[in-house]
């Protein structure tokens, strides 16, 4: 064989990429088949010409000189289990059933640099050297060939291989190359093994000379790398890619740690090139790599989160800061110091071995000794301080500057009228000290989150010292000036003034510096510093892609506008108007008040105290303002941008439709190189007709519509056939005829108009179909519905649903149902006609005969008809079938485009449609793959299996990846496999299952996290091609959108690759641009018109996913959060995969992928012209579950290191974009809720002043009228004006939330539609929902930051017609919202009694929303009969669960809510009722101390102080009041003491009587009932006593109740958190307590301590029970009011579902017996309800009516 082997073996033809000459000969490829003809060992290796760079030669290598070896090339192997040898040589690689050449672009006639057979040999060789699995090898071979085929179809095969190698291994953006330099391995490889790589860091070893350290060295190293890569042979390049892929393909969960994978690959590559490896002849055993390299790492990961208990894996009770997660493992490999920690079992360090020897030693590493935490995700609010310190500085410091200047009276010395100038300057200047303090606290908090091992601590300490110096400069002068000011002599000295002015300017400079510069770049620049120690964190966390100049300018302008408007508006509206209330308050001192215990202390401090609360209130409003301006400007920018893109409705309508055919031709078809012999009209007509027919098939259009929309062939004037365009395109005033062409306001209209307007924007040029890149759609599926069963469609789910699914869908899509029925009738008639059974008298019977069609869509129940109905319903619900059939439109689109653009193919096959179809199929299969990751497929039940099988039959090209489990040898873990099947896989006779194409063993159970990301990760090895589209199992797609696929993939900017080699020189502009990692697209929420809640949820997504995304993506702030997004597959998979997967922490897995890509240098784009459908949750509960999930997920994000990196390293404008686009929204929600609460307290305090003090009369100018001086009145009028202004601000902030949706509608659908949609929202009370959901969001985040417990809440996807009972709603929302709402209602009630102003109406509305929203949005809440039955259920729920365990009972709810704090006992006592509880970890004590002890005590003190202030004035007779503190104490603690006594006596009674009454099952319930009843009596009578003590004065009584509630709440929280040990997982102790039977309860040795614990629990429970009982009744009373409105149920349903009363769902039909039963229940419980309510009312009303007559003399009362 001729080959240019011009080198001797000693001088290697492939210089080692690592810069040092290797002493041993190059890899020799052996053929392991004895029969193969003996071939020179160098053939394959040196087949490519020697050393010259390839692009200087005119021919590619020496390909022509090597004649294709004939039969010898494919050594025959024993066919592997499932290769189904269809090729003559049974190659184990090739997929059966593919054409002659499965990878057309890599066929021998294309001058390929290396043949397919040689590639097979490379894979076989690697597999036998390293022990990879056969199936993984076959899978990765196909993977690599598909990638080469995809690239080679649009560039030369040579360039395809080069760019692929550059992307994986050596190019400028290859993660491997970046890691190689970040971990400083170039030094390790250059210095040699003996010395420590860490110490030799700055010495460049070249011929013994030591050059200057630093950057030169790095540049030369980069150049050496580039040269090495450039001179590598194509064979070696391919071998490196193959080795990388084989390592990656079996890595399982190790794929989540990309740099660890790089390290494994580097060890393997070094080993492969050593003589030791080359000289081994025996293949090593299969699976060796998995067992020795991957499994130990996997086990370490698994054991961090799980432990074995009773042979099952159980989640360890650890929080993130104790778990060494994926990120910590990964970061070890970033630094040379980290690699130096890897030690073997004999204590030698891995780095001390020669590089070639490391791979074989990896199996001897004990990973438990190696890894450590690199960032502590502790639960704490301080994360907000560290990550977002700039936001706090910009706000708090500016607020200080503004407010200090405007409150001179506060710091005026006692003997002056006004402060001196120096004092004003210095007081204002303290703003600088404030910003420095924020920085100092942030730095101290940062110490908590970063291990102080290596290079972190130094710069933090430096920073701290420096900040303390600045603090002295910004705060010190104030002390001096204050001291000078107090000296009498210094009145005329100028020094204090000069000092004050200088201090002020230093402060301003410091504040600006701290507010603008990222803290990560101060004192040691982690982002752009030159020092080598920052290299890794720059590479992996701060390689932010640059914005193009116009976008960066826009970004800066946006933030200048936002803060410019904010600072000016806040100054005039908030601050300067606040100065007069401050002045008034600062001078007011309260006279003649006295408390028994505290004397004058309280009353003299009441006013300053009130002022402090007012300052806090103003600060919160100061924060909220910014968000308001942010929304306004982002919306303005976004709308401007949409006009710029030509996307708005305001682009003239006419030409949108009339020019559509031209645009289809110009933008969607790759017509550049087509011959002109086909008229554009002919081509466009094929595309357009296909779209219309696809809509007809989906029943969106009726046959008449279709006729008017298609292109028709008609006879032309000269007898020729011509195409007539549909009138739709020619008719100018299109808008009149909407109903003519498609149903008005239907789905078809929406889709066609979006398609038309999207074509007006600029789209990237498409490539011809055969040159387009291959891409894969990946759908993770867990247990979502695949296809609805007949039963689910036509049976009601349960009693409370009232409607079958089919009825509901028919009402939502009446036109589509109509079209469907017509279609079915035609079908039925055809089959009848074929059977010859059509009847004679069709005319008469037709009406009644058609009834079944219109009811259920079929007349005969034969499967083909029922299946049609099932499919029709499934395509309108959120099912996997809908997703699959939508996404399979890609295949249709590719076939259609291929056929239209290559008419010669059609003519080539003549009339043989079958062959033509096969050719089209081949093309679509080559360019588009669809994989579903069905994690549970192997465990499906029969029905699910049938449905999955139906999918495979309907779409044979669909691939399903699933997990298969095999029991391991006894005592060992089961073995798990990733398995791939598709619709072409054969059935196995024995098992009846499909034979897998690939079956690859995993290191263990892959599902270690929340599931979704693990599910994606196990299937990721089965994707093919260059791009991935990640789709959720509730999405949809449309043919006309799929036609744009080539344009979308063009957004990755990889279509036109230059012929220049990526290794020719660094920084060639082609290869220098930051790669596009993610292309986001729009989502259309297809559940938007399903009533008010569906619409609100849809509107949220619409504005967030489209409007804000449009502006954010432009200024570089979009992080991946849609699920129609396209990913650059190589970029994402070499950087840790498409989503992160640590349990709990990465709850919102996809946004982490975005942050990861962004920090590692990937661009994220957003394209406006493409959309996918997406379903959203529709019921109240499911929407709130979704929001809770988002909220908890955001809480977890706040803890994450990604937020830390982004928050402390981004430049200010991009930081603000990130902050307000992501966490800012949620923090704003928290602040909105806080503003309500703080405002309530402010009202309360101002109310106490107003109630007790005489307020001066003022004239219209606000001047005090004369003649009031003598009365000693107080001028508080400015304060009341300030209150009104605050309410307006809060209202504005709240109202602005509707602006984006309104503008979005305005821009996309016109004024009328926008006003209509907004009007519908307001009439449907959506503001109530908004207030409530804001509370849910903020509660979710705060409780997550305190207690943790993030769960992936499966956000149910059902319909919204189910009515939930009162008790279910109460137990779900009491904790998050109702309790807080009720407490605020009390405060508001007091405020309204004390200072009534009409502005408070808005607050009544908001606070009531918090309590009643769940009930307002509950279907049929106000139907009288259901209301009463609810009441019965509520009473039963309150009282059950004491004699035997009940799933739903008040006791269970109460217990579950306290386990958050107590946690569960660890011991596993197998007990049936343990299923009630999840694995909630116990909250850390720091969090508990603050949130459960300190905070409640502070709140209680606040309210008690207010009450005592009111009581410290003499009463009507002028006598001083008895001590208020004693009174409040007696009333607050009294009921608890009473409960304790009752419980203790009952405990002994049941202990003695229990065993006697053992046979009487109800004994426990009776005892419990007595206790609960007495508790209720106790609380009511204590209240009544208090009512009497207050002499029936309503406002005082309300204030007292507020204080009492706060005290009791504090006591209960303290009892629970301090005195309770962990809970048992079962509720035996509860039943033991009531029945007196403590033995045989499985309590073990805690049976003695348990009664004491249970006693405390019961005291708390009695108080909680009685308050829940009263609260429930108060809520019911509020909800009773609407019940009496006539026709309320009809109105309410219209409001919720937006269906006309005639269209509404009928009331349920009951049998006579049921009716009788219900009537009896209603009568009985109505009476009971009336009695209870009137009893409760009487206790409050009667005394206040008869207050004159009730006179009770009691001496003890006088002293309380």
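Each Cβ is built from the backbone N, Cα and C atoms, and glycine gets one as well.
Quick look at what TrEMBL annotates:
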COMPBIAS  37-49  compositional bias 'Polar residues'
COMPBIAS  79-89  compositional bias 'Polar residues'
DOMAIN    235-347  domain '1,3-beta-glucan synthase component FKS1-like'
REGION    1-109  region 'Disordered'
TRANSMEM  381-402  transmembrane segment
TRANSMEM  422-444  transmembrane segment
TRANSMEM  464-483  transmembrane segment
TRANSMEM  495-517  transmembrane segment
TRANSMEM  607-624  transmembrane segment
TRANSMEM  630-653  transmembrane segment
TRANSMEM  1227-1246  transmembrane segment
TRANSMEM  1493-1510  transmembrane segment
TRANSMEM  1530-1557  transmembrane segment
TRANSMEM  1563-1589  transmembrane segment
TRANSMEM  1596-1620  transmembrane segment
TRANSMEM  1725-1746  transmembrane segment
For the domain '1,3-beta-glucan synthase component FKS1-like' (235-347), residues assigned helix / strand / coil by DSSP: 71 helix, 10 strand, 32 coil
Cβ contacts under 8 Å made by the transmembrane segment (1725-1746) with residues that lie 6+ beyond its boundaries: 1428-1429, 1431-1432, 1580, 1583-1584, 1587-1588, 1592, 1594, 1670, 1673, 1676-1677, 1680
Contact between the transmembrane segment (1596-1620) and the transmembrane segment (495-517) (at least 3 Cβ pairs under 8 Å, separation 6+): no
Close approaches to the transmembrane segment (1530-1557) from elsewhere in its chain (Cβ under 8 angstroms; 6 or more beyond its ends): 1563-1564, 1567, 1570-1571, 1574-1575, 1578-1579, 1582-1583, 1585-1586, 1589, 1600, 1603-1604, 1607-1608, 1611, 1633-1637, 1651, 1655, 1658-1659, 1662-1663, 1666, 1760
Distal contacts, the transmembrane segment (464-483) - CB-CB under 8 A, six or more residues away: 422-423, 426-427, 429-430, 432-433, 436-437, 439-440, 443-444, 496, 499-500, 502-503, 506-507, 510, 523
Cβ-Cβ under 8 Å with the transmembrane segment (1227-1246): same-chain residues at least 6 beyond its ends: 384, 388, 606, 609-610, 613-614, 616-617, 620-621, 623-624, 627, 1276, 1279-1280, 1283, 1286-1287, 1290, 1293-1294, 1334-1335, 1337-1339, 1341-1342, 1380, 1384, 1387-1388, 1390-1391, 1395, 1403, 1406-1407, 1502-1503, 1506, 1599, 1602
For the domain '1,3-beta-glucan synthase component FKS1-like' (235-347), the mean pLDDT of the predicted model: 90
Spatial neighbours of the transmembrane segment (381-402) far in sequence, C-beta under 8 Å, 6+ residues away: 428, 430-432, 434-435, 438-439, 441-442, 445-446, 448-449, 508, 511, 514-516, 518-519, 563, 567, 570-571, 575, 618-619, 622-623, 626, 1198-1199, 1203-1204, 1206-1208, 1212, 1215-1216, 1219, 1223-1224, 1227, 1345
